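Before any comments, here is the structure.
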Amino acid sequence: MTSFSRQSFMSSGGGIGGSSMRGPSMGSMSRSSGIGGGGGGHISAMRAGSVYGGAGGHGVRISTGTRTFASGGGGGGGASYGFGGGSGGGGGFGYGSGAGGGFGGGDMDAKVNVSEKATMQNLNDRLATYLEKVHSLEKANGDLELKIRQFLENKTSPDARDYSAYHATISDLQDMIQDATRINGGVYLAIDNAKLATDDFKTKYENELAMRQSVEADIAGLKRLLDELTLARSDLEMQIEGLKEELIYLKKNHEEELASMRSQMTGTVNVEVDAAPQEDLSRVMAEIREQYEGVSAKNQRELDAWFQTKSETLTKEVTANTETLQVSKTEVTELRRTLQGLEIELQSELSKKRSLEGTLADTESRYSIQLTQLQARVTSLEEQIVHLRGDMDRQSQEYQMLLDIKTRLEMEIAEYRRLLDGGATSFSTSGGGGGGGGGVVSSTKTITVKTIEEDIVDGKVVSSTTK
């Protein structure tokens, strides 16, 4: 914040005896007086300068008042006062007066008293306006201090902050987080149960697969055995057919031999000799035939019994293996159906898991965004508090500066009043005397106004200009 102050110096020249006095730093005042003597006196060009400035030291204006008085005679005297003052609060006033008298004779301007009254009235009006402005600024400053104090108490005091709305939002968010945590816990538990069930079914599937492979290996072995038995049966059937053909061939040869022997016996001559009786060939052949037929029948029965036994055994084994194969096929079908159902359930659980993971990620992202927004809001509020504290410090400095200005202005006003009281007394007691036979003595006083402009930044004078 930059403030400007103007200082005015008025010096008096001419006459007999002169004095100058410099006032406080925010304004200036000068006093000059002169007494002239002679046959006649003339007092003219008496000026009183005034300086006042607007708020903050800007818009500085210098006002001057001129009073001219003349008197003729053997002697004369005069006095002049000038005051000027200005402050950053915005106010200023000026006053100038002059009086003279002589013995030699002359005339006085009749308007002096009226002009002095008008000047005093103007001075009083300006002083009243300035005081009103000071009171209004004090009141506004008090209101601002009260507002700042209330704002800081409401915003910066930990006990005075109202977090009820935030508490409700935080409670809702905590409830939502707890619900999501419970849901996630249930989902994790369901996933673990599904994993355990999947592992159990996988173990069962591996066991059933091993059993199936074992049953398929047994079935393959039984099929090979069945093929071997089928080949053995075919071989036996071929042997039976060969034996039947051989039996038929033997029967045919036997019949041919019998026929040949009968034909030979019919053409022979019976010669009886005294010898031992021969055996009956027919009976022998019949016995041989019976013996061979018995052996053949026995072999056939044994073959039939063996074939029947083997057939029954193979049939039983094939039936048992067929039933086992059918049961195994049924079990394999059931296991396949169960495996397909488990795979479908596993896919659904995996899809559910992915969906829940996506929901969890979305929830975390949404809560992260909300948390970021809340943190940004907290940061913004903290920055506002810092700015408010800076504004409070700045306004406190401005208030202190205005208070100092007010104090100095009050001191200047008191000094002005004291000088005005002293000036009024000197006016009432001043006079001039002299003698002469008609000569004229004139005295002229010139008041020079000097204005000093200073640029003040943070209480330090940056530049100074004298006009």
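Every residue, even glycine, has its Cβ placed from backbone N, Cα and C.
Quick caveat, the model's predicted, so the values are computed rather than measured.
The annotation region 'Disordered' is assigned in Swiss-Prot to 1-40. Annotation comment: Swiss-Prot describes 1-115 as region 'Head'. According to Swiss-Prot, the compositional bias 'Low complexity' annotation covers 21-33. For 116-151, the entry in Swiss-Prot reads region 'Coil 1A'. Annotated domain 'IF rod' per Swiss-Prot: 116-427, in sequence order. Positions annotated as region 'Linker 1' by Swiss-Prot: 152-169. Sequence annotations record features per position, and here Swiss-Prot assigns region 'Coil 1B' to 170-261. Swiss-Prot lists 262-284 with the feature region 'Linker 12'. The annotation region 'Coil 2' is assigned in Swiss-Prot to 285-423. Taken from Swiss-Prot, the feature site 'Stutter' covers S365. The region 'Tail' annotation in Swiss-Prot covers 424-467.
Across the region 'Coil 1B' (170-261), DSSP classifies residues as 92 helix, 0 strand, 0 coil. In three-state terms derived from DSSP, S365 (site 'Stutter') belongs to a helical segment.
Within the model, the region 'Linker 12' (262-284) shows a mean pLDDT value of 62, rounded to a whole number. Over all protein chains present, the Cβ of S365 (site 'Stutter') has 10 other Cβ atoms lying within 10 Å.
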